[in-house]
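Per TrEMBL, the features are:
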- 1-17: compositional bias 'Low complexity' (COMPBIAS)
- 1-38: region 'Disordered' (REGION)
- 54-102: domain 'Large ribosomal subunit protein bL12 oligomerization' (DOMAIN)
- 116-182: domain 'Large ribosomal subunit protein bL12 C-terminal' (DOMAIN)
Amino acid sequence: MASTTLSSAFTLLSRPSTSPPPTASLPRSSLAVPHSRRGRRAVAVASTATESPKILELGDVIAGLTLEEARSLVDHLQERLGVTAAAFAPAAVVAAPGAGGAGAAEEEAPVEKTEFDVVIEEVPSSARIATIKVVRALTSLALKEAKDLIEGLPKKLKEAVSKDEAEDAKKQLEEVGAKISIV
């Protein structure tokens, strides 16, 4: 009984106060509207046949609490019953990624990399001119910038490109004799 009451209290406390009460599709006879005390906002709550009058009354009292009083109530119930609000969270929230420990990390599928860098590792002296031509075609660099790029290697030719574009650039550069890596 105590855990049911606590669960109801957490459910009522977690409802945003700015959202309108869910009364649009309910008949007027099924609404229980608490009396407003000390200028507090009244909230309409639909009753079901399975809820006891005690639960409805408790819910009405909790709905009338200020935020400070509600927070104090939650702290008091957690301390008295030895539970936490997380114990009543939906299973999907409790089993969030990273919260499951080492077992959950092993079960996760590895994230596939979508962006790649094309790095020129080495250009033989016999392939410099052909490599400069391919670099200019791939990057639209001027002659001097392309020449500077292939000196003092390794250097990134392209950054954050798709796998297909990286593979295409690697293929073109390896055809002229450059050593390329995709990172």
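Using N, Cα and C of the backbone, Cβ positions are placed for all residues, glycine too.
All TrEMBL annotations are machine predictions without curation.
The residues of the domain 'Large ribosomal subunit protein bL12 C-terminal' (116-182), classed with DSSP into helix (H, G, I), strand (E, B) and coil, number 35 helix, 18 strand, 14 coil.
Taken together, the residues in the domain 'Large ribosomal subunit protein bL12 C-terminal' (116-182) have a mean pLDDT of 92 on the 0 to 100 scale.
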